[in-house]
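Record features (Swiss-Prot):
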type     : residues     : note
DISULFID : CYS97-CYS189 : disulfide bond
CARBOHYD : ASN5         : N-linked glycosylation site
TOPO_DOM : 1-25         : topological domain 'Extracellular'
TOPO_DOM : 47-54        : topological domain 'Cytoplasmic'
TOPO_DOM : 76-99        : topological domain 'Extracellular'
TOPO_DOM : 121-139      : topological domain 'Cytoplasmic'
TOPO_DOM : 161-197      : topological domain 'Extracellular'
TOPO_DOM : 219-238      : topological domain 'Cytoplasmic'
TOPO_DOM : 260-272      : topological domain 'Extracellular'
TOPO_DOM : 294-318      : topological domain 'Cytoplasmic'
TRANSMEM : 26-46        : transmembrane segment
TRANSMEM : 55-75        : transmembrane segment
TRANSMEM : 100-120      : transmembrane segment
TRANSMEM : 140-160      : transmembrane segment
TRANSMEM : 198-218      : transmembrane segment
TRANSMEM : 239-259      : transmembrane segment
TRANSMEM : 273-293      : transmembrane segment
Amino acid sequence: MQRANHSTVTQFILVGFSVFPHLQLMLFLLFLLMYLFTLLGNLLIMATVWSERSLHTPMYLFLCALSVSEILYTVAIIPRMLADLLSTQRSIAFLACASQMFFSFSFGFTHSFLLTVMGYDRYVAICHPLRYNVLMSPRGCACLVGCSWAGGLVMGMVVTSAIFHLAFCGHKEIHHFACHVPPLLKLACGDDVLVVAKGVGLVCITALLGCFLLILLSYAFIVAAILKIPSAEGRNKAFSTCASHLTVVVVHYGFASVIYLKPKSPQSLEGDTLMGITYTVLTPFLSPIIFSLRNKELKVAMKKTFFSKLYPEKNVMM
């Protein structure tokens, strides 16, 4: 019977935006601008690194990989979300829902793994500068990036296959703006729902907490090494190479902890939806801004690469 019920569910209905119908046009315009800025900002970072030879280093290779993961993550969720804001028909096919979950989880976890790799890169650069070229060889960097992407794809496959092997009984309304795990679990039925929920939660928490602890460990060694530098100028210079990455980590895990660790309440549907949207849209939106403004080397390269071409007469005067 469970498999029969499962086979009858051919589509779901996303009702996350129905809690504030009067704001949908304003939200559409706001999210569209943020989405376009996210794409443009990350493409600008990638183009700058590609065109500026001085940025052909492991740190900026990882930054480009991070930009790719952010572009793909937003593309997996936001275009569909924008279409739903303008439509009264918010149904999504079963396979489309599974695909959205797979790609969003894959690129989301890839993003977390790459942030961990970037923390390790900064640890090697500051704590073992003489061995940096050996430890961060081109082959080693490619391996770290490849493992991050492979790990993200494996996580996406594990979570998606676990959720969509469940039986769904009758109800089709997903109280979210995307195909997300908690609202889909509420639609599932059968004796294995609780086991799957605990298993998926354990896998996701273990992966994210492991990444966070590795980043904390890297920065513990980094801070200890920076404090041993005798001059204030040297300490500031060393810390400046980590500032943008550390800020993105705080934003990424800060928003995630507020959303996923806060107590759930049946009366907080609007708040949960808004916080979920904030994490999905605002975090990728802020990331290129942080890296562009807080990374002096990247900021100078952007001005040299693009500003000088747009305003050559000002470049001559400089």
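Backbone N, Cα and C atoms are what each Cβ position is placed from, and that goes for glycine too.
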Candidate with sparsest Cβ neighbourhood (10 Å radius) among CYS97, CYS189, the listed disulfide-bonded residues: CYS189
Same-chain residues at least 6 beyond the ends of the transmembrane segment (100-120) whose Cβ lies under 8 Å from its Cβ atoms: 59, 62-63, 65-66, 69-70, 72-73, 76-77, 80, 92, 144-145, 147-149, 151-153, 155-157, 159-160, 163-164, 178-181, 184, 207-208, 211, 214-215, 218-219, 245, 248-249, 252
Close approaches to the transmembrane segment (55-75) from elsewhere in its chain (Cβ under 8 angstroms; 6 or more beyond its ends): 35, 38-39, 42-43, 45-46, 48-49, 103-104, 107-108, 110-111, 114-115, 117-118, 121-122, 125, 136, 141, 144-145, 148-149, 152, 241, 280-281, 284, 287-288, 291, 297-298, 301
Segment-segment contact (the transmembrane segment (273-293); the transmembrane segment (26-46)) at 3 or more Cβ pairs under 8 Å: yes
For the topological domain 'Cytoplasmic' (47-54), sequence-distant contacts whose Cβ falls under 8 Å of one of its Cβ atoms, 6 or more beyond its ends: 60-61, 63-64, 297-298, 301-302, 304-306
Same-chain residues at least 6 beyond the ends of the topological domain 'Cytoplasmic' (121-139) whose Cβ lies under 8 Å from its Cβ atoms: 58-59, 62, 218-219, 221-222, 225-226, 238, 241-242, 245
For the topological domain 'Cytoplasmic' (121-139), the number of residues DSSP places in helix, strand and coil: 16 helix, 0 strand, 3 coil
Surrounding residues of the topological domain 'Cytoplasmic' (219-238) on its own chain - C-beta under 8 Å, 6+ positions past either end: 119, 122-123, 126-127, 246
CYS189 (disulfide bond) - helix vs strand vs coil (DSSP): strand
Where CYS97 (disulfide bond) sits in the secondary structure, as DSSP reduces it to three classes: helix
Surrounding residues of the transmembrane segment (26-46) on its own chain - C-beta under 8 Å, 6+ positions past either end: 17, 20, 63-64, 67-68, 70-71, 74, 78-79, 81-82, 85-86, 277, 281-282, 284-285, 287-289, 291-292, 298, 302, 306
Counts of helix, strand and coil residues, the topological domain 'Cytoplasmic' (47-54), according to DSSP: 7 helix, 0 strand, 1 coil
Helix-strand-coil residue split for the topological domain 'Cytoplasmic' (219-238), DSSP-based: 16 helix, 0 strand, 4 coil
For the topological domain 'Extracellular' (161-197), the number of residues DSSP places in helix, strand and coil: 16 helix, 6 strand, 15 coil
